[in-house]
Amino acid sequence: MKRLNSQLQQDGAQLELILLIRTLLAACKEISFRVSQGALAGVLGSTLSENVQGETQKKLDVISNQIIKDTLCESGYVKAMSSEEEEHVVPCDPDGKYLVSFDPLDGSSNTEINSLIGTIFSIFHAPQWMEPGDPSAFVQPGTQMVAAAYVLYGPSTMLAMTTGRGTHLYTLDKTHGGFLLTQANIQLPQQTAEYAINASNQRHWDTPMQRYVSELVAGKEGPRKKDYNMRWVAAMVGDIHRVLCRGGIFMYPADKRNPEQTGKLRLLYEANPMAFLIEQAGGKASTGERRIMEVVPTDIHQRVPVIMGSSEEVDYCLSCYEETKA
Ligand SMILES: O=P(O)(O)OC[C@H]1O[C@](O)(COP(=O)(O)O)[C@@H](O)[C@@H]1O
Ligand SMILES: [Mg+2]
Ligand SMILES: [Mg+2]
């Protein structure tokens, strides 16, 4: 089976980018080990602190963030990084060529139930003019990403990665510690009968999303004339993995309860990297108004509504938004 290195070389990745990716994945392997030890390593449960998002941090959020931060700062490849768990940009090496944004542990409420969690990251070129602590270099649209990936800590530890030449799936071979290519060039089916949304928020969604989901729920008897199935892992990394593996549509719309907060998911740490992976697999990713990867962030912790997955289903959902505008 092909190793990650060979696939990255085949996809034309520069040596320094390959070395950075390998460094990041070394951190993820350590997280994978800690996660698999669970209660034995005393890593489950919450801390007494909140992150900048106002969410109570789990012990594993803090541990994973620290592992990635230390590994990247020592690597010499990274000028600065931004993390869901850090209020400010973290300056690293002034000569580093790259910027990294990451969600160290996605779906952390799943830690207590031994369910799917993961790490999500994206890599950009660092502008030469940038001082390492300067947040303005992070406000690049997702179209500027040079790589995006997630590592899923499930029954197997899996990696989905793109450098802009397709999305490939790898599985961690724990016997020798390397990621081996298990599925090259994933292609999402354009159509699907499976959707993912937290339906308990239904009454707070915007009108187009209310209409779209009510049509799915109506099944064969409704305007879509087919039955749909619903799945919700409560970790974006798990839901997007399922969508990459067999198609589907994943949605986290804006919520009327908090008009200041445009959606729940973070553009830099969650929406952008997943959008790149989905698009490279032939899917689509939108906020309902525009392509996610074209959103120019105004803040490193910016949130966006998310609609992504199988292209024809995303298009149908977006047509509900278009009709509301008309
Ligand atoms: O509480 P809900 O509505 O099920 O939210 C689940 C969503 O929140 C998240 O867990 C947020 O991620 P974090 O665990 O990194 O904060 C997403 O992964 C997931 O899609
Ligand atoms: Mg997350
Ligand atoms: Mg997180």
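For all residues, glycine too, the Cβ spot is worked out from N, Cα and C.
Keep in mind that TrEMBL annotations are predicted by a computer and have not been checked by a curator.
Features of the protein shown, as given by TrEMBL:
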DOMAIN    4-183  domain 'Fructose-1-6-bisphosphatase class I N-terminal'
BINDING   Glu84, Asp103, Leu105  Mg(2+) 1 binding site
BINDING   Asp103, Asp106, Glu270  Mg(2+) 2 binding site
BINDING   Asp106, Gly107, Ser108, Ser109, Asn198, Lys264  substrate binding site
DOMAIN    188-321  domain 'Fructose-1-6-bisphosphatase class 1 C-terminal'
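Everything TrEMBL records as a feature, shown here on the structure.
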| residue | record | DSSP (3 states) |
| --- | --- | --- |
| Glu84 | Mg(2+) 1 binding site | coil |
| Asp103 | Mg(2+) 1 binding site | strand |
| Ser108 | substrate binding site | helix |
| Asn198 | substrate binding site | coil |
| Lys264 | substrate binding site | coil |
| Glu270 | Mg(2+) 2 binding site | helix |
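Checking the binding-site residues (Gly107, Ser108, Asn198, Lys264, Glu270) against Glu84 (Mg(2+) 1 binding site) with a 10 Å Cα-Cα cut-off leaves Glu270. Only Asp103, Asp106, Glu270, in sequence order, out of the binding-site residues Asp103, Asp106, Ser108, Asn198, Glu270 have a CB under 6 Å from ligand 2. Other residues of the same chain near the Mg(2+) 1 site, with their Cβ within 8 Å of the Cβ centroid of Glu84, Asp103, Leu105, are Asp61, Ser64, Asn65, Ser83, Glu85, Phe102, Pro104, Asp106, Ser108, Thr119, Ile120, Tyr269, Glu270.
A gap of 10 Å separates the Cα atoms of Lys264 (substrate binding site) and Glu270 (Mg(2+) 2 binding site). With a cut-off of under 6 Å between the Cβ and any atom of ligand 3, the binding-site residues Asp103, Asp106, Asn198 reduce to Asp103, Asp106. Of all the binding-site residues in the record (Ser109, Asn198, Glu270), the one with the smallest CA separation from Asp103 (Mg(2+) 1 binding site) is Glu270.
For the substrate site listed in the record, the two most distant Cα atoms among Asp106, Gly107, Ser108, Ser109, Asn198, Lys264 lie 16 Å apart. Neighbour counts of Cβ atoms within 10 Å were taken for the binding-site residues Glu84, Asp103, Glu270; the minimum is at Glu84.
Each residue contributes its Cα atom, and for Asn198 (substrate binding site) and Glu270 (Mg(2+) 2 binding site) those atoms are 17 Å apart. Taken together, the residues in the domain 'Fructose-1-6-bisphosphatase class I N-terminal' (4-183) have a mean pLDDT of 92 on the 0 to 100 scale. Summary of the substrate site environment: with the site residues Asp106, Gly107, Ser108, Ser109, Asn198, Lys264 set aside, the chain residues having Cβ atoms within 8 Å of the Cβ mean position are Asn110, Ala234, Ala235, Met236. Under DSSP, residues within the domain 'Fructose-1-6-bisphosphatase class 1 C-terminal' (188-321) fall into helix, strand and coil as 60 helix, 21 strand, 53 coil.
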